[in-house]
Amino acid sequence: MLLCIDCGNTNTVFSIWDGESWLCTMRTSTHHSRTADAYFTWFSTLLGHYGIDPQIDDVIISSTVPRVVFNLRVFCDRFFNLRPLVVGKPDCALPMEPRVDFGTGVGPDRLANAVGAFARHGGDCVVVDFGTATNFDVVAEDGAYVGGVIAPGVNLSLEALALGAAALPHVDITKPDAVIGTNTVACIQSGVFWGYVGLIEGITTRIKAEYGKPMKVIGTGGLAPLFAQGEVLFDTVEDDLTMYGLTVIHKYNKDKNPS
């Protein structure tokens, strides 16, 4: 079985793929100092809760936090005797080549999203990923990643507002019943929710106009279902797109190097 690890700035997700479907998905907060032993304790405890004892044959990692990769490598080596495939490293081949400015690095999560989107839907699409940042990733007709947009994430915006404005509280994001708020919390929720609806609509409209061809819009990330409620922002929402992209990248590398 394949263990897929997606480490972002806020959360780290472990998912186990049996070749056809996900056995389980586990999420924890990202900590730079978390040790390999701590990862194993957390991982094995949750596996016991799920009542499964999978045979992990391979591991693939996508991480936007370089400092965490070392401890994840130690975790894989110590407890599975495996050398993980790390997206973005020279020994990890991609089924497509990014067409971006020379010397520009592309986040491994964005590459995985592009690969997953192309595998499921073909090209000419834009992936909107709600993470610490809100990313818009454009996938060309041939599957190449050709660029995108990075905007502040929803929760990051809420935190910045609470930190920067002494009189404003930190609130949780939800879809307001109305645009006009009648109390401070409702006003903040309305501003952030409807502000991001406008952001998504505006940026995807401009991307489509600049691209010059019809495009599918795919939502992913933890908050995508919230923003899809009653709004025509996405053609589809897929909460496992990044992880699915990792399975495609892993298979591509195994097919290239079957040994």
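Placed from the backbone N, Cα and C atoms, the Cβ positions cover glycine too.
Record check: Swiss-Prot places D6, C7, G8, N9, T10, N11, T12, V13 at the ATP site, and the matching candidate among T132, T134, T174, T182 is T132. Here the Cα atom of G107 (substrate binding site) is found 12 Å from that of D6 (ATP binding site). Among the binding-site residues listed (D6, T10, T12, D129), D129 has its Cα nearest to the Cα of R110 (substrate binding site). Residue pair D6 (ATP binding site) / D109 (substrate binding site) shows a Cα separation of 7 Å.
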